[in-house]
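Structure first, then comments.
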Amino acid sequence: MSMDPAIQKRATRFVLLTVLIYSMGFGIIMPVLPDLIRHLADVDAAEAARIGAWIGATYGLFQVLLMPTVGNLGDRFGRRPVFLVSLFAFGLDFLLMGLAPNIGWLFVGRAIAGGLGAIFGPANAAMADMSTADNRAASFGKVGAAFGMGFILGPVVGGFLGDFGPRVPFFVAAGLAFANGIYGWLVFPETMAKEKQRPFEWKRANPLGAFASLGHIKGILPVALIYFLWALAGNVYPSSWSFFAPIQYDWDSRMVGISLGLVGVSMALFQAVIIRRFITRFGERRTAYVGMLSGIASYLVVAFVPYGGVIMVLLLVNGFSGMVMPSLNAMMSMRTPPSQQGELQGLIGSLSALSLMIAQFTYNYALAAFTETGAPVRFPGAPFVIAATIGAIAFLSLLMLRKRPDQLPQAHD
């Protein structure tokens, strides 16, 4: 879309600020969510991990079902209204969770956030509107860097706020989301040109319909499958780290927050600065190779090295793995016409959500099975061995693609 440079700059800044606040909000609550679950359900750490799996799966399920609808609505009505609804739903989620009198309210909050409050799809669609094929991976990298910056601030702040009670971080996250929503209402312009908008079709506004609609675009579906596998591997951290680290390293919520902050530092550095140099020199596919190998190695180290100090250093240097998702996203986005960018990002959002839903059960149940009282073998690192295995499958799948998707002709409306 051709926009006034000043307006485009303002829109880009708002999108990145929104992603930062979004990830900061999630980061704020991650260190204290296990404590809140234990408080509301009166259970031990292993059972809290199982309940956490169901809460996370609820979020993932509603994302799987509704992200294609949200993406298609963005292609029909533009990015602005979809973005603003998502922002306020995000704030409502945290407010409900902070007020929760019982465990059921946590499920309701996560359902609202999954169905309406997911920010990444609208954010990436808006960035695609404002970018060209040549700089699209870098644009998605900026979104990833903003997410990383939020993870620098959020978990650290959440760990400290947790000292005042497990509910306080939820109210702070809600306040940030509502304030950002009001700001967006005032300053965020529409990024999608009117002539690019297309009619809304229910048959395309679901995961299967999105697959069918995008399936005819050469090179999309194989990369989408690899994207799903890598997301499934990477979700070992958001799914289980807050439960794993206290068990493995005897860390409190503050240390969990600091460790997640280091992940954010690393991700922000690589996605804001280093990914552009890698892609310029090596292309999206080879950049993904490097990130995958780094991620697989890091999962194995976490699984078998029980020393918290070593892991802190590893988390700081593990940013290479953060280059995978923007690279794969760019490989798909460059093949997709402008009028279907929202649909593509909705599909990607559904795949990410499905991976998160599966990850919640896979990793948290594995952690509980290998750490609960009476477990035949105590091995807290089991989730990370599983993640390394799935990551290796994703790497081999990308390696075996016969034709390089990043060399296929680019799409046009």
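One-based numbering along the chain as shown.
Cβ coordinates are placed from backbone N, Cα and C, and glycine is handled just like the others.
Here is what TrEMBL records for this protein:
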- 11-406: domain 'Major facilitator superfamily (MFS) profile' (DOMAIN)
- 12-31: transmembrane segment (TRANSMEM)
- 51-70: transmembrane segment (TRANSMEM)
- 82-101: transmembrane segment (TRANSMEM)
- 107-128: transmembrane segment (TRANSMEM)
- 140-162: transmembrane segment (TRANSMEM)
- 168-188: transmembrane segment (TRANSMEM)
- 208-233: transmembrane segment (TRANSMEM)
- 253-275: transmembrane segment (TRANSMEM)
- 383-401: transmembrane segment (TRANSMEM)
If you count CB pairs under 8 A between the transmembrane segment (51-70) and each of 12-31, 107-128, 140-162, 253-275, the winner is 107-128
Sequence-distant residues near the transmembrane segment (168-188) by C-beta distance (under 8 Å, 6 or more away from its ends) are 10-11, 14-15, 17-18, 21-22, 24-26, 28-29, 31-32, 36, 80, 83-84, 87-88, 90-95, 97-98, 157-158, 161-162
Other same-chain positions with a Cβ less than 8 Å from the transmembrane segment (140-162) and lying at least 6 residues past its termini are 12, 15-17, 19-32, 35, 120, 123-124, 127, 168-169, 172, 252-261, 263-272, 275-276, 319, 322-323, 325-326, 329-330, 333
